[in-house]
Amino acid sequence: MAKQQQAIQAIRGMRDILPDQSPYWQWLEQNARQVLGSYGYQEIRLPIVEKTELFKRSIGEVTDIVEKEMYTFDDRNGDSLTLRPEGTAGCLRACLEHGLLHNQTHRLWYYGPMFRHERPQKGRYRQFYQLGVETYGMPGPDVDAEMILLTDRLWKKLGIRDKVELQLNSLGTSAERAAYREVLVEYFKQHVDVLDEDSLRRLETNPLRILDSKNPDMQFMLRDAPVLLEHLGEESLQHFNSLKSMLDELGISYQLNTRLVRGLDYYGKTVFEWVTDELGAQGTICAGGRYDGLIEQLGGKANHAIGFAMGMERILALVEQLDTVTLEPSVDVYLIRVGAAAETAGLLLSEQLRDQIDGLKLQVNCGGGSFKSQFKKADKSGAAFAIIIGDDEAQRGEAALKSLRIEQEQTTLSHAALLETLKTWHHNKSLA
Ligand code: HAM
């Protein structure tokens, strides 16, 4: 006898989204699409694999993502390719490649899986889904404010607005950051005894990231560290102050977080994160900022850009916790067939109903079974009605209709009467 093979499992940190979960995903995706549409954003679909060089040049050589988290491999031609760890670089690459940025403004969004070889934990996966938004050609801060308004609207629509807080900072220009970096390194060198191993390494490569450290032993020292906002020039300050006054006037509250530096190198000026304290360590559900400098860095003409991306798993975890979503059942009507004559008659009737009632979700019981077992399945499907066809009904061109959710006598109807009844029900349901 052949030895039973061991079952193959999914890769660590890469999750299956099972049928009982996918309606929540669809619900989130639909809401996001609708909100993005209401601000005039257009979808762009991008490859999942890009040249490794693209991410090195944009995200930065000395970031965690590029240093240790990318899924990078040589393809059969020997080219180094990488599964995208984020979407900003690919989106900009596509826009430059197709000449979309010449004297134009764009508001774009993309959606799909991203890949980072991080240590998996709740809310942190190796394949995760982002919905990202990028805009080009607008110097702001009006569009910076619009991004925040858009996300604020989405949180309200999802029922999570009072669970999230907006954190805001400005990273100034690259010249301002370079000058600040020197002051900061000087400060850290005076406290080198408190720096952990990671921070000592970053002191040479990316000292601003030390500000982001969650190490409790370093918090006291970090509290007194020099603040980047105090080293910004006039123009950067004005941009930031205008954004803050717009948000004040629009009634959007925010927390100034002077230590918010972001883990990707391309940002300058506005950066923001939406955070929640309901999800443990992985509490950032959405993050982004301005990255004007990246366009030139990727070979384009100087231009303006700002965007953000939200982590779908984290948003869904938050929504799930609140238990506020009621989803529609995936089936409206379940069709039961009992007897040889009912087999094809039932299929025929189901096709006629689908022809006549656009959008009706009708599931036919396939694979046989007694009336009782089919009826159980009908009930479990969540359908509002069962249609029952036995050989008698099949011969007479009739069908029985039974309401599964409200107390009502089962009725036997002609196909025409059945069609009318279901049509009216479906119409009323779509109005509700
Ligand atoms: P990010 O901060 O690296 O930014 O990721 C954005 C969001 O993706 C995070 O706030 C989080 O919700 C989600 N996320 C990131 N890593 C994981 C993970 N391993 N598991 C689950 N969720 C995760 C970016 O990616 C930028 N491209 C955002 C952006 C767009 N900036 C400008 N435009």
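Along the chain as shown, the residues are counted starting at 1.
Heads up, the Cβ atoms here are built off N, Cα and C, so glycines get one too.
TrEMBL does not curate its annotations; it predicts them automatically.
Site annotation for L-histidine in TrEMBL covers GLU86, GLY87, THR88, GLN130, GLU134, ARG262, TYR266, TYR267, and the matching candidate from ARG116, ARG153, ARG161 is ARG116. Neighbour counts of Cβ atoms within 10 Å were compared across the binding-site residues THR88, GLN130; the minimum falls on GLN130.
Cβ neighbours within 10 Å of ARG262 (L-histidine binding site), excluding its own Cβ and spanning all shown chains: 20. Most Cβ neighbours within 10 Å, among the binding-site residues GLU86, TYR267: TYR267 holds that distinction in the structure as shown.
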